[in-house]
Structure formats: C-alpha cells, structure tokens
Amino acid sequence: MVRSLKNPKKAKRKSKGSKKGEGSSSNDAPAVEAKVWQPGVDKLEEGEELQCDPSAYNCLHAFHIGWPCLSFDILRDSLGLVRTEFPHTVYCVAGTQAEQSSWNSIGIFKVLKLSGKRRDLVPNKINKDGSDMDSESSDSDEDDEDDSRGSGPPVLQIRKISHEGGVNRIRAMRQNPHICASWADTGHVQVWDFSSHLNALVQSDAEAVHGGSTVFNQAPLIKFSGHKDEGYAMDWSPLVPGRLVTGDCKSGIHLWEPASDSTWNIDSNPLVGHTASVEDLQWSPTEPFVFASCSVDGNVAIWDIRSGKSPAVSIKAHNADVNVITWNSLASCMLASGSDDGTFSIRDLRLLKEGDAVVAHFEYHKHPITSIEWSPHEASTLAVSSSDNQLTVWDLSLERDEEEEAEFKAKTKELVNAPTDLPPQLLFVHQGQKDLKEVHWHSQIPGMLISTASDGFNVLMPSNIETPLPADNA
C-alpha cells in the first residue's frame, strides 16, 4: 500500500525545533520500524497516525487553485503523444464550488516542472555475498533524487473565467480541447471557447504567472436552458467532433449535434429511459451513435441515437444509485460502473443477451464511489475514487501467485505476505485527500493520475504500475 505506520508516542521525543514531516535523528529517539498499513484491514490505535511513504510513488505533487473543484478535465496538448521523461507539464480545466455563487470561476491551468523518478520494482542485480545492489547505490539514488528536484518546485500558471453558479461538471472536447462544456448548478449547460487563454499559457515562460489574480469575463458560445433541473452528466463523443450528450436530475438526456465549429442543434425533446436522476454519460469508444447512461434508479442503459428516444438496453446494475460509469477505450466490450453503496462492477457487453454480463464485482470501498476511469494505456487497469478518501488502482488481470511471491521474496530479502483480506486485483491505494470527487488518467503520460478533492489537487504516479511503452527502435 502507500502508507506506513509510525508510533507518535516515540516521535514525541523529537526536539521541538524539528519541522513537520522531518524525521528525527538517531540521537533523538530510537528507530521505529515502519510497516505497511492495509486499508480496510488494519485499524489505527489511539495515538497512531499514518505517514506517507514517498518510495511508493514515482511522482507526487499537491496544489490548489483557490476554491474546491468538484470536477476537472485534463486537456490534450501538443507536447508529445507518449511522454515518459521528467519533468512533465500538464494542462487542465476545472470548475469551482465557491462559497457564494458569484465567486465561481472556471480555471484553465498549466503545471510545469512536475518532477519525479523511475524506480525498479525489484533489484536487477544481486551481489556475490547475496546482498542487492540497491544498498550500495544509495548515494547515487540520493543524487538522482537531488537531480529530480534540481529544476525547482512545480510552477502553477492559471487563467480564471467568471462562471455563473457552481460547476457541477466540466469536460473538454477531445478533438478540440479549447472547447469546453460546463454543467452549472443553476441548471444551465454552457459551451466555451478558451483558445485565447490556452494560447496565453502555452506562450508563457516557466516563471510567469498569467491571470492568477484576474478573473476574466467571457461570454459562452452557447447557453442551453432546456434542462428541467441542474445535472452532472455530460460527455463529448470521441469519434464525432462536437457531438455531446447532457443529462439532468429530472431523468432527461439531451443530444447536441454540431452545426458548425461554434453552434449546435440541440434536441428540445429529451431522451427518456430512466426514472430518476441521470448521474453519468459515456459515449462508446468505437460506435459513433452509441452511448451509455447510469442513474439513481440503479440502472445502466445503452442507447443508439438512430433508434428513437428510448434505450436499446436497460439493466439493473446495482442495488443503489449508480453514480459513475466508464467505457474501456482499449477493450470496448467492457463497461464499469460505480455505486452509492461503495461497490463497482465490470460488465462484458457481449454477454448482455445471455443475461448476467458481470465479469467482476468488488465490495472493497465502504462509501459511495465518486469517480471511475479505465486506463488509456492498459486495458485491464482502472482507477476508482470514493467518499472514504481513498483513490484505488485495480488491475483485473492479477491473481495471487504463491510462486511469484516466493521469487519476489528471494530477490528482495524481505518478508512478502500478500494480505488475504484484500483482493489481489487491488494494485495501489492513495490517501491524504479529503472528500475525493474525480480522478483522471493523463492520456499522454503513461501511469500519471490527477485527482481533485475538497482540499485541492494531487498529481501522482504509483511506482508499481508498469505500462507497456512503444519499442525503441533507435
């Protein structure tokens, strides 16, 4: 897991001058052996606290843009389709949930100089005396860590655009990332052209902070008031530029068809197939006329926009509200859904006609699932966030292998005991954020995740996620 356990009763012996986060020296207190803490299995004793283990990450950074953001999206950029070398630069768009409605804004931001390093999962070489090479290379490892910090701390540049009401959800068009749609808690859906702000960020140098204190006033390309209530569900088509679906809390779904680069024809008659709030929408990654929806009514529906205003298929997916869904772009037969009861399921859509299409069901989280997303680089991997303040990464291809555990133990000279209380598919657990809301994979930086919560954003790359990369033919 990603946290270690320490005994603060011993830590209290540290001198009062030591700063938070700094370990005490061997002269201040006896060494406390850290051990892996298993979420959902281990309990914290009175006076104990969790401490982050940096070695669990290739990259870990935190930042905020002011007010909490319920939703955000990662913008595709022109810096490279597959980027593996640090430091990294990312572009995002996010919408705020401010204390007063008039204080809300949409932030387009750029984070530069995201540092990190690569770590081997197991030692590659063993010395003749049986010790691993890592112990002798500790000095060089420290040098590497210094090098990763040598470019300085990350730099946040942001442009803020005034937004009427809180932003329930925001999504950028994949083909034209400067076009973004926002769902407001006022009941309006708006589409924006943020090209001027993105261009300003692209052209800015690493030290300049553009628009950080200025809130720009800008009119949206379109403001749609046809929904009967506010909503959270929206998705741009990955196949047809400009095609959009939006869903509201009164069970209505509206289809947007592009008429030009800046105008849309919106069907005033909603698609109706749910009996309660539509919580999430996802277009098929391979079929341009097909999308999926999920609802508080516990159902997941599959729609074909050529076939009228009713779903082609509707299935009872969970025994509680279905909050989120994600369609696998690498294995388009797989659709995952997350529920208010903390469970999430994976369905093989090829099996729908046969009845039970569930191929995996997990009850690890004990609080509502708030976000779920398949990895764009590995078909069997997905990330899940929950109201239990955990962000988990799962690899559905994993099974417990006792021989492999023994081999790993022999290489590392450590005791490796895979907990039987945890699913073997649970690859990673990230904690430290409060009230997690959304998590997204970066489509151009393999292994990178960005998450938003009430206390800000985290950028992380778990060190135990191996992503196959294109072969180097050089």
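From the backbone N, Cα and C atoms, a Cβ is placed for every residue, glycine too.
TrEMBL has this to say about the protein:
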COMPBIAS  1-18  compositional bias 'Basic residues'
COMPBIAS  132-147  compositional bias 'Acidic residues'
DOMAIN    48-111  domain 'Histone-binding protein RBBP4-like N-terminal'
REGION    1-34  region 'Disordered'
REGION    123-156  region 'Disordered'
REPEAT    271-313  repeat 'WD'
REPEAT    362-404  repeat 'WD'
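DSSP states for the domain 'Histone-binding protein RBBP4-like N-terminal' (48-111), grouped as helix (H, G, I), strand (E, B) and coil, give 6 helix, 33 strand, 25 coil. Helix, strand and coil counts from DSSP across the repeat 'WD' (271-313) read 0 helix, 21 strand, 22 coil. Broken down with DSSP, the repeat 'WD' (362-404) shows 3 helix, 18 strand, 22 coil.
In the predicted model, residues of the repeat 'WD' (271-313) average a pLDDT of 97.
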